[in-house]
Amino acid sequence: MSTASVPLPNWITYGLMPFLNLVVAFLISGVVVWFIGESPLEAVKLLLQGALGNGEGIGFTLYYATNFIFTGLSVAVAYHAGLFNIGSEGQAYVGGLGAALASLALDHYVPWYVTMPFAVIGAAIFGAAWALIPAWLQAKRGSHIVITTIMFNFIGAAMMVYLLVHVLIVPGKMAPETRVFLEGGQLPKLDWLIALFGGRLGAAPFNVSFLIALVMCVAVWLLIWRTKLGYEIRTLGASSTAAVYAGIPYVKTVIITMLISGGLAGMMALNPVLGASARLQVEFVGGAGFVGIAVSLMGRSHPLGIVLAAVLFGVLYQGGDALSFDMPKITRDMIVVIQGLVILFAGALEYLFRPVIVRVWQRFGKA
């Protein structure tokens, strides 16, 4: 039997293997840091201090993690159906348009808690709409979802630049962005949450969208493991042939799955658009859609794993900024290399150690 098909306990699949991949990624990163003449242990210390050493650092870490939770969930839902949605970046970008339009329309008239549900719905609908055409092409025409979603990332980016430069820009200004939302169109910061632990949020844009992301984690768990649709999605992902033979509608399931996936990606825009900058700007997604792929893979497409992986990448992003400031030899490009190594081992090489682990388990684990 191939080692890929040998069943392993959940604590190995969801705990040990991701942990080993992470350790190897950091060991190689440590070699890179040592090679340029800096102490790897000191670098780790500064990275953790920058990300978790004070309330402001924690706020920035959780701000980044919020983005990655949304995009990680987006990738995970599609992955359960056997679909590889590479388009979360573009879907989040277009979702920002839906969220911004809701804020622009309502911020003069109502408080933020009235605007928020409309912004959530707008972001989800626009993100889902951007996933609809690739979903239809996959389901009805057999076009590969990876190719079409990648193409739609570029199309979405170009469309958003056009709208911000020619339609939504504030008259008389050069910056391609909307006007600043009033308080009725902004998501408030979670100062009180950081204060519970004795910290001060400071300038960190940690906001209510974090709570929305956690609610979506629960919703995705219920959808995938506690509903008929979730069963159909998982069956389709396990074997599309068996799913069709069992009477599961292939076209309908693919399209619904991608609509949910796109909607989750679109909701990522709530964090930077309504929470951080209070306006719609060019390139606000900042690669979070692609990081979501690694987050989903590292979290084994489970909401709890995705939250933990998202926090890890939040630590890397925020701690990396602090590290590059305190250790000038470690440039921003070096931080990207470290992040890339984690993505490499968490994603492309996620089963690197599986053959060895399987052999050890078969020899000693069942004794």
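Using N, Cα and C of the backbone, Cβ positions are placed for all residues, glycine too.
Annotation source TrEMBL lists transmembrane segment at 12-37 (among others).
The list of residues near the transmembrane segment (57-78) in space but at least 6 beyond its ends in sequence, with Cβ under 8 angstroms from a Cβ of it, reads 49-51, 84-85, 88-89, 91-92, 145, 190, 194, 199, 201-202, 204-207, 209-210, 213-214, 216-217, 220, 223-224, 233, 257-258, 260-262, 264-265, 267-268, 271-272, 275-276, 286, 288-289, 291-293, 295-297, 299, 301-303, 306-307, 309-311, 313-315, 317-319, 321-322. As annotated by TrEMBL, transmembrane segment applies to 57-78 (among others).
Sequence annotations record features per position, and here TrEMBL assigns transmembrane segment to 112-133 (among others). If one looks beyond the transmembrane segment (112-133) by at least 6 residues along the same chain, the residues whose Cβ comes under 8 Å of a Cβ in the stretch are 85, 87, 90-92, 94-99, 101-103, 105-106, 148-149, 152, 156, 183-188, 208, 212, 255, 258-270, 274.
Under the heading transmembrane segment, TrEMBL lists 145-169 (among others). Sequence-distant neighbours of the transmembrane segment (145-169) (same chain, 6+ residues past either end, Cβ-Cβ under 8 Å): 78, 83-87, 89-91, 93-94, 96-97, 100, 130-131, 133-135, 137-138, 175-178, 258, 280-283, 289.
Listed by sequence, the residues of this chain that lie at least six past the ends of the transmembrane segment (206-224) yet keep a Cβ under 8 A from its Cβ atoms are 58-60, 62-63, 65-66, 69-70, 73, 76-77, 80, 116, 120, 187-190, 193-194, 230, 233-234, 260, 264, 267, 270-271, 274-276, 302-304, 306-307. The transmembrane segment feature in TrEMBL is assigned to 206-224 (among others).
Long-range Cβ contacts of the transmembrane segment (280-298) within its own chain (Cβ-Cβ under 8 Å, at least 6 residues beyond either end) map to 18, 21-22, 67-76, 79, 86-93, 96-97, 99-100, 153, 157, 160-161, 164, 168, 175-178, 265, 268-269, 272-273, 305-306, 309-310, 312-313, 342-343, 346-347, 350. Taken from TrEMBL, the feature transmembrane segment covers 280-298 (among others).
Look at TrEMBL and you will find 304-323 (among others) tagged as transmembrane segment.
Residues annotated as transmembrane segment in TrEMBL: 335-353 (among others).
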